[in-house]
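A.B. asks: Annotations for this protein, taken from Swiss-Prot, read as follows:
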- 1-20: topological domain 'Intravirion' (TOPO_DOM)
- 21-41: transmembrane segment (TRANSMEM)
- 42-565: topological domain 'Virion surface' (TOPO_DOM)
- 110: N-linked glycosylation site (CARBOHYD)
- 139: N-linked glycosylation site (CARBOHYD)
- 161-185: disulfide bond (DISULFID)
- 175-236: disulfide bond (DISULFID)
- 223-228: region 'Involved in neuraminidase activity' (REGION)
- 227-240: disulfide bond (DISULFID)
- 267: N-linked glycosylation site (CARBOHYD)
- 333-454: disulfide bond (DISULFID)
- 365-375: disulfide bond (DISULFID)
- 448-458: disulfide bond (DISULFID)
- 504: N-linked glycosylation site (CARBOHYD)
- 528-539: disulfide bond (DISULFID)
């Protein structure tokens, strides 16, 4: 219930503050008008009866204006400071009370203790925020690894494989999923899906642990792939596609694979729907979830998506000649401007994938059970983002951000602030603003290695999202200084040396490599949160690590504290 009200509360704040600004502008106009009239009256009185009476009347008018301005200042303080603090306090109090009611009382005689799907109140108000100022971001370090029980199961045979994790966290709870392959790591033949939900609780040592309250194992013969998960009020929503052919064959097809939405509630209710978003058939050859988590926003669940667009369709023609070159490239690439533009334009089209245009976007679904034709596809404009790739959506306060995997020629971490336009209560368009950075590189081969800085066609890279620790909007120029954390593979061409880091736009500030040199790894997901009791910031780094004992990969959650030095 609280998660549903949070976006509405944010909208009400905006409306209230807008009304307040209009009221203040009206007061200012009236004040200027009164002052102007008083000056005219003063001149008339001075010319007729001297200055004594006029000074008295002017003083009365000045007192009146001071009273008006005093009221206006109080309104500004209440709307900008007092009211938001009161709302946050009330929300925290309500969530804490709900958790207390559901965990401290037995339902009836001899019943077991209840278990509410609500994080411990130490963390409720420390989730999905920017945690440090711009100045503090320059002095952050990674703490040591903290020993917690893993909430992620591993393969139990040498032939098995667990891959493609997706993790989502909100004020109330977390959701997690990964793919389970019984033999090898190729997911296009047969695989199952593990899903869990739970809460964050403190340990006796003071740091957090992740308690699993519900699990689900989807093993019904349906080959769900690349699933992206999002927390929703009371449970989890998951977006998957179904395919039993290699990725290249998906792109060479003329009809997109089956798209599915699965809603799992804490009360064991499960709803699964095959969705048919308008504008997909005959436009997209394939449409894939971004694997990274989605977000719940203004009554809609948003998921990252990408795929191949068919030539000469309306979407293809609308994106023609559009391209995006990150801001940092100008000082780092030796190509002339014309060559950069030409290569950047061609980077969105892949001959390997049947000359499809590789496009990123957002799948938006209302939170309801009848989803067959209700979900919408919102493509990004290609003059704002790079070639389509896996991705993740974040909520920082009321703002939506997007991570795009660096599959294309620019090997650095790609983060964007997203603006979503609503028309008649539905999301109708999206735009993206890039956070400029020349860190942190991903590995690739040939001309697409971690050292590449110039536009060209690439289809490389690895998923390695990052968490913003400072607000890019806090600087006079958006994103001119931003600090973020994550994990990356510290090598130019190979998927080896998993390393957790803190970085800003131009340099890595702090880093810790896991394992010995040459340790193989793959995908990495990072999420941070704050313990509002101790004011400590913790980050969970979920990394796919190669294993010589059980399966080709094991998915391991690492927790570290981010400290201000």
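First residue shown is number 1, and so on along the chain.
For all residues, glycine too, the Cβ spot is worked out from N, Cα and C.
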A.B. asks: Given the disulfide-bonded residues 227, 236, 539, state which is nearest to residue 448 (disulfide bond) when distance is taken between Cα atoms.
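C.D. replies: When the Cα distances are compared, 227 comes out closest.
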A.B. asks: So which one is it: of the disulfide-bonded residues 175, 185, 227, 375, 539, which has the fewest other Cβ atoms within 10 Å?
C.D. replies: 185
A.B. asks: For the C-alpha pair, I'd like the distance in angstrom between residue 161 (disulfide bond) and residue 333 (disulfide bond), rounded off.
C.D. replies: 40
A.B. asks: Around the Cβ of residue 528 (disulfide bond), how many other Cβ atoms lie within 10 Å? Please give the count over every shown protein chain.
C.D. replies: 24
A.B. asks: So what's the average pLDDT for the topological domain 'Virion surface' (42-565)?
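C.D. replies: Here the predicted model's pLDDT, averaged over the topological domain 'Virion surface' (42-565), is 91.
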A.B. asks: Round to a whole number and give the Cα-to-Cα distance in Å for the pair residue 240 (disulfide bond) and residue 365 (disulfide bond).
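C.D. replies: Rounded to the nearest whole number, the Cα-Cα distance is 13 Å.
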